Structure formats: structure tokens, C-alpha cells
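Peer 1: In case it helps, TrEMBL gives these features for our protein:
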- 291-313: transmembrane segment (TRANSMEM)
- 368-387: transmembrane segment (TRANSMEM)
- 393-414: transmembrane segment (TRANSMEM)
- 435-454: transmembrane segment (TRANSMEM)
- 466-487: transmembrane segment (TRANSMEM)
- 515-541: transmembrane segment (TRANSMEM)
- 547-570: transmembrane segment (TRANSMEM)
- 582-602: transmembrane segment (TRANSMEM)
- 622-648: transmembrane segment (TRANSMEM)
Amino acid sequence: MDIFDKLKKGVFLCSLFLQFASGFYLPGSFPHKYYVDDQLSVKVNSLTSIDTELPYGYYSLPFCKPLEGVKDSAENLGELLMGDRIENSPYKFKMHVNETELFLCQTNTSSADESKVLKERIDEMYQVNLNLDNLPAIRYMNKDGFSLRWTGYPVGIKVKDVYYAFNHLKFTVLVHKYEKSNTVPGVIGAGDGVELITTDDKSVTDKPSYMVVGFEVVPCSFQHNVDLLKNLKPYGKYPAPINCEPATVAAVIQDGKPLVFSYEVNFVESDIKWPSRWDAYLKMEGAKVHWFSILNSMMVITFLAGIVLVIFLRTIRRDLARYEELDKEAQAQINEELSGWKLLVGDAFRVPDNSELLSMMVADGCRILGMALVTILFAALGFMSPASRGTLITGMLLFYMFLGIIAGYVAVWLKKTMSAGNTNGWFSIAWRVSCFFPGIAFLILTILNFLLWGSHSTGAIPFTTYIVLLLLWFCISMPLTLIGGFIGTKAPHHEYPCRSNQIPREIPANRFPTWVLVIGAGTLPFGTLFIELFFIMSSIWLGRVYYVFGFLLVVLILLVVVCAEVSLVLTYMHLCMEDWRWWWKSFFASGSVAIYIFFYSVNYLVFDLKSLSGPVSAMLYLGYSLLMALAVMLATGAIGFLTSLFFVHRLFSSVKID
């Protein structure tokens, strides 16, 4: 009877889940429902440019301000680190109410400095970023027969050394009629408010409601008649028709001449479903090239690396088989004739120089790799979609902190392994690994932040955010790293299969420096990700939305495999050349991909960001590129080193040692 009751309960819960399944949305992606005449508030982000990463406040230019005053919206840590500053704007709509020729305000550019700043922003191609119901304003334009998509609209335009302002905006709001079962709870949003309700009230369901599924803007430059503005209040109707075309310009920016701003809004019912409203932003030009190029790279790199790996494994297996078939006397006789890795039994596990530094770098690399895997996985599942601004950066930061336990464990475990089980000084190395990469990143960010402060950029990290970052570092990341280090002292270390001789073996002279092979090995991992790197760079620096996290996860897994294979092959080659200093070289064999990533960043700066304005923007770009390359070096280097460590241990464990 008890089993029967449990089955009935399970069936009931399953039916309840299926009933509510249609109303399930991922965090940060629930729909807002608006009734006709409900107020819609447009928000504004910082001014940004495709040519420079120095964002400026929207109200730093002579634009209209809201009547209720400028108010900041709540921002998460990721938004603050990315330089997002969300504020209310003067643009207001009423749901499903078309309005034209709305007068907004009249501003003055009385001083030469105000006009100069406005013209500079036009030269630097700054964009105004508006968003409605969490949807950025998108602008369509045709160029050379192609339809281009941009988020935001330019401040103005320069034509034959004359500057014009875009002072009239044509908004198009795409809406989809809300339809839902009476028994399923829904979300209603009026303005900025959101409320959970049940739609079993007939008075509620009979009233039509809509969801915002698109937000488009067309900027125009229109010369208003100042004489017609007398006694005209904001949001009043301009007394004359505004026939404004994007191809024509008229509002000249001159010292002492006022600028008049106006707008119009048109609501269009659309067949676009609410879950698909981000498709217009996520659609990437050249998608076929993107997919087939990456797939081709993965297949070629995997095939070549697999063949090389199989060849060396078969060679090693054959050598071991021949060596183990000999008796002890025969082995003693041929010891003098042996060459290659079999002569390094007494030197292969000699403790390398700066072993603690190597342990810290490998440990932090494991943490960065774990952070990347978990973050990309969650993003691929939709928990860090572009609809939730700042969640990607916030997630990366939190995952990095909580994975400090892995960094502490790996650092102490490696030190214990290199010290043949000695755990003295574990606290010191765990403490230092908690400060190693975070300290470098904090130093770079501080230098870049001083440059941003000096440039009066809104992208500068506020002082309060600095305090939050320090608290997260010292109150969460560091204690977790120390806990991981303590756990590492209790874990069994990797015992070496042979002892190291007191006197190191002399390394034969080579025809060319072995570091050439190490640096050249980075080209193979770079070949797996350079195409994907182009799309990531375009997303970061050109304002495009990156969304193919599922494919990025596949590329990351392939990168891990290739780095392991490359480092293994290079380590075996060094051992065959009787070079027992494989520790650092195995790390940099795969970690050298960071060199090519940084060079690619410089190439991207020169050829794709040609009009980057000012040395501050260039320093900002290079600083972030250096930080990214350093993180990649630690992650890929950790993969290569750990693979080589287990490979060398397994290799010499197969040799009969007397």
C-alpha cells in the first residue's frame, strides 16, 4: 500500500511539473507582460565606441535629462567590472500607443568646450546604448548590398568637415500578444515593476497584454524651428511635421547654437515568440564559415596529434618490450650501449629549479582551467545568457574564488611529490598561490584603472568595487586555498619509481637550442582556437554578442587534448636527447600558445582596430590582452606539465631497476 501511495504521489508531481513546464524560464529570462497604456521606461548605458574601450557617461554630453532626475539602476559586480553604467533616460513610451513628433527638450552648446567634446565623440564613433525591457536598441543599415546590425546609434556624423548631431530618433517596438493558460501563474511588469500573479481572474484575462520582443531605432538629423518651441513642454507635440530621413543631415553643431531633440515611436505586432526575441542580436554574419572552419580545424589538429601520439607510444612500447626480454647480465652488458631516455633513470625525477614557483603556476593554471570549463558549461546551458548583463563576468569571478580549494590542493600536492613526501612549508606555498595570479591581475587592473580615472572614463572601477574585490580575495579565495592546501597534506603523493643520483648527468650538446622546439610547439594548440579567438575578440572589442558557448566548450575540450599530446611528445623528444630538464619545458611546450595569442592580439589591434584613438585606449587593450594571455599560459601549461609528469612516471615505472 505504501508503494502504491508513493507511485500516486510521483505521478501527481510529474503531472504538476508538466503543467508548469511551459512557464519555466532560466534565471534572468522571465517575460514581462504589459497592458495597453502601461508606461515603458527606456534606459541608457554608457557611451561606447567600436574604436576605443573608454566608455563615457551618457549625460556627459549635452543630451536631454529626465524630468525626475538621473537615477542609477542596480548593477551587479560583473556590470561594474565591464564598465556598464545603467541610468534612466528621458525617452518614455506607452504600450501599444503610437506617437509622432514628440518634443523632448532643447539643450545648449554655448561653450566651445561642449561643442569640442561632442565633435570628439563623433570622430571617435561613439554609440548611444539604449535598452527597453532589457533589450538593447538595434539599428539596421545597408552597405554594399549587405544588411548590417548594430546595437545603439551614433552620436552624430561628420560630412565634409561639418559635424551634425542625430537629434531625432525613430523607435520601433515589436510586441507579441500575451497568451497563456488561466491555470498557470505568470509575470506582469508595469514599468520597472515585476509581479507574480495567477490569471484565473476574468477581468484580467479579458484585457489584452503584450510582451516586448524587439526594439529598433533609426537616428536622424533634423533642423527644428526654434521659434515653434515657445511654450512647448517636454513630451508635447511638435507643431510642424518632422520629415526626417537617415540619409539626410541638417542639425549642425555650432558654438552657441541650441540643439533640439525629438522622437517618435511605433508599435508593431510581431510573430516573434518571447523566447526567440534575442535571435536578432545573436545572429552572427558568416555563421557557415565560423562553423565549418572550426570543425575543419578540430578534425585536422586531432588527426595529426593523434597520429604523432600513436607513433611515439608504439615506439616506447617496442623499446620496453625489447628491454624487458633481456636477463640481468645482458642488461648490464648493453647498459654501456644504451642511449636516449633509458639513460636518465637517475636524473628524470631530479627536483627542478624554482620548483615552488612551478607548483604555484601549475596550481593556478588548474584553477583557471576549472573556472573556464564550469563557466562555459553554465553559459552553454543558458544560465549566463546575454539577457543577464554582467552574469558571465560575475560567474567567472565566483567560480575562480571557490575553485581556490583546487589551487591549494594541487600546489601542496606537487610540493609534497617533489619533496618525496615532505609537507614542511605547505602553509607558505598555499598562501603564496592564493596571491600569485590574483596579485598579478589586481596589479594590472589597478594600473589600467588609474589610466581610466585620468581619462574621466565611466569604465573605471569604483573604489567601493575595489573594496568588494579585496574582501572576496582575502575572505573567500584565500581561506579556501589554505583549506585546499591542508587537504593536500593528507593526500598520498606521487612516489617516484627511481632515485635521483647525487651528481646530475651531463646533457649532450644539441645542434640547436631545445627551447626552439618548445616555443614552436605552441603553434599546434593555437591552430585549434585562433578562429574562435577571432569571434571572441570581436565580441569584446567590437561590441558584438558572443553566444556559441556550446561550440566553445567543444573547442576548449579539444584544446585540452591537444595541449596534453603536444607536451607529451615534446617531453619524450627531450628525454630521447638525454635532456632530463623536462619539468619547465613540458609546462611551456603547451603554455607557449600564449605567445601566439598575444601576437595575434597585437595583429588584431593593428589591422582590425586601426582607428583606435589615443595611447590610453591602446594601453588598455594591451593590458587586458596581456592578462588574457597570462591566464591562457597558466591553464595550458598546467595541462602539459601534469600530462608529462604522469607520462614520465609511467615510462620509468615500466623499466626494471636493480
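Even glycines carry a Cβ here, placed using N, Cα and C.
Unlike curated records, TrEMBL annotations are generated automatically.
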Peer 1: Do any residues, 6 or more residues outside the transmembrane segment (622-648), come within under 8 Å Cβ-to-Cβ of it, and if so which ones?
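Peer 2: Counting only partners 6 or more residues beyond its ends, the transmembrane segment (622-648) has Cβ contacts under 8 Å with 348-349, 358, 361-366, 368-369, 372, 410, 437, 440-441, 444-445, 447-448, 494, 525, 540, 559-560, 563-564, 566-568, 571-572, 575, 582-583, 586-595, 597-598, 601-602, 605.
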Peer 1: I'm a bit unsure how to read this: which one of 435-454, 466-487, 515-541, 582-602 has the highest number of Cβ pairs shorter than 8 Å with the transmembrane segment (393-414)?
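Peer 2: Per the Cβ count, the answer is 466-487.
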Peer 1: Given the cut-off of 8 Å on Cβ pairs that are 6 or more apart in sequence, determine whether the transmembrane segment (466-487) and the transmembrane segment (435-454) share at least 3 such pairs.
Peer 2: yes
